[in-house]
Structure formats: C-alpha cells, structure tokens
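Encoded as structure tokens, here's the structure I'll be asking about.
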Amino acid sequence: WCASGCRKKRHGGCSC
C-alpha cells in the first residue's frame, strides 16, 4: 500500500 497522498505506480512502488 502507499501512504495517504501517494499514488501506486504500475511497475510497483509509490509516487508522493
């Protein structure tokens, strides 16, 4: 999961 305010990336990981 990703912290609030962050989006999941298709290849995996999060973008904040």
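Using the three backbone atoms N, Cα and C, a Cβ is placed for every residue, glycine included.
Pulled these from Swiss-Prot:
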type	residues	note
DISULFID	Cys2-Cys14	disulfide bond
DISULFID	Cys6-Cys16	disulfide bond
MOD_RES	Cys16	cysteine amide
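Explain the structural surroundings of these features, please.
Residues within less than 8 Å, Cβ to Cβ, of Cys14 (disulfide bond) and separated from it by at least 6 positions along the same chain comprise Cys2, Ala3, Cys6, Arg7, Lys8.
Sequence-distant contacts of Cys16 (disulfide bond), defined by Cβ-Cβ distance under 8 angstroms and a gap of at least six in the same chain, are Cys2, Ala3, Gly5, Cys6. Secondary structure at Cys16 (disulfide bond), taken from DSSP and collapsed to helix, strand or coil, is coil.
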